[in-house]
Structure formats: C-alpha cells, structure tokens
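As given in Swiss-Prot:
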| type | residues | note |
| --- | --- | --- |
| BINDING | H120, Y124 | heme binding site |
| TOPO_DOM | 1-8 | topological domain 'Cytoplasmic' |
| TOPO_DOM | 30-128 | topological domain 'Periplasmic' |
| TRANSMEM | 9-29 | transmembrane segment |
Amino acid sequence: MQKRVRNRLITIIICFCSACLGISIILYNLEKNIVFFLPPSKINEIEQGQELRVGGLVKTDSINKIADDKISFVITDNIKDCEILYQGALPALFRKGQGIIAIGQLSNGKFIARQLLAKHDENYRPPQ
C-alpha cells in the first residue's frame, strides 16, 4: 500500500513540474513576441525595413492628400512625431486627433503603412 501511495505521489509531482515548465515556456515566448504597437518616440530603436505597428494620435493640420488614394499625415505621442505615408482607403473613423495604429515599415525616416487601424473609445453609441 505504501509503495502505491509513493508512486502516485511521484506521478503527481512529475505532472505538476511538467505543467509549470510548459507554462513558463509559453509565458516567456509570449512576453518576447507580444507588442501591440510602438509609440513614435520608440521607433528609432527599430531597424529599417522591419515590419512593425506604430500608434499615436493624428496631429492637427497634418493630413495631406498626395493623390486620389495616397495620403500623408503625422502621428504623435506628445514626445515625438512620425510621418506616415499610406495608399488605400482610409478607415471611417480616421480624422485629426483620432488614435491610429499603422502597420508597415520604416523607410528613410518615414513610415510606409500598408494598413491603418482607427482606434475608438469604449463608449458604444447605437446608430440613431
């Protein structure tokens, strides 16, 4: 009977240690890889051509239409500004002072966005 209890205890300890090790590995890898977006003040730390997300507020009077579907604007985190170049349809919530996340690459000091995401506040207002 005592041998049976000891074997069961050893099995439980091994399972617990394996679960702890697995959870530790998962959490370590998630910590390294989860970055929702970087503010403009942090993008100088990223090398040119690397895919990243930059987020901030669209600066007032910075929206310039270059062509029919090309636009340039500046986002800020109130520390540093970043010029964004984007070609494509703008999100419906895009406007000055709005929070934006741009997905793309940094090239010669300008951020070339391939996708724009407009952030909105948490207050839901149904259409009237």
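Using the three backbone atoms N, Cα and C, a Cβ is placed for every residue, glycine included.
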Next on the checklist: What does the DSSP secondary structure composition of the topological domain 'Cytoplasmic' (1-8) look like, as residue counts for helix, strand and coil?
Outcome noted: 7 helix, 0 strand, 1 coil
Checklist entry - Would you list the DSSP helix, strand and coil counts for the residues of the topological domain 'Periplasmic' (30-128)? => result 10 helix, 43 strand, 46 coil
